[in-house]
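Working notes, structure below.
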Amino acid sequence: MNNLLLHFFCVAVGGAIGASARFAMVLAMQSFGVRAFPFATLTVNIIGSFFLGLLLAYAEQQPVSETTRLFLGVGLLGAFTTFSTFSVEVVALASQGELLKAALHIAFNVIICIAAVFAAMMLYSTTVK
């Protein structure tokens, strides 16, 4: 298998797993009656950001193959997190007059996801050294 085909395969398989995991998270949260605020999107974005932060921190210390980076970072975590769904949810909340919820959704996703990346990188650097 040539490298380009292998790279597409890694992204596709990782993406299928990530998208399926995101769908499972949404279903799980809906089964608990969580619908008033888009917590499922927030949750997957925080978790995905955290694990992407771990991957980045690990890659700074240890060699990570291109196929692993593509499978985990681009495929699995790229499909698990969801900026497009986040954007649609913000517009839907705003269109329904839920401006505070829309603003909170933006703030929580941006601030908490960036904090999750930072926390993961700090956690990795303090536990590995």
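Don't overthink the numbers, they just go from 1 along the chain as shown.
Even glycines carry a Cβ here, placed using N, Cα and C.
Taken from Swiss-Prot, the feature transmembrane segment covers 8-28 (among others).
The transmembrane segment annotation in Swiss-Prot covers 36-56 (among others). Residues of the same chain lying 6 or more positions beyond the ends of the transmembrane segment (36-56) and with a Cβ under 8 Å from any Cβ of it are 18, 21-22, 25-26, 29-30, 64, 69, 72-73, 77, 80-83, 85-86, 89, 93, 101, 104-105, 108-109, 112-114, 116-121, 123-124.
Taken from Swiss-Prot, the feature transmembrane segment applies to 71-91 (among others), supported by sequence analysis.
What Swiss-Prot records for G78, T81 is Na(+) binding site. Counting every protein chain shown, the number of other Cβ atoms lying within 10 Å of the Cβ of G78 (Na(+) binding site) is 19.
Look at Swiss-Prot and you will find 103-123 (among others) tagged as transmembrane segment, backed by sequence analysis.
Sequence-distant neighbours of T81 (Na(+) binding site): residues of the same chain at least 6 apart with a C-beta under 8 Å from its C-beta are G18, R22, V44, N45, G48, S49, L52.
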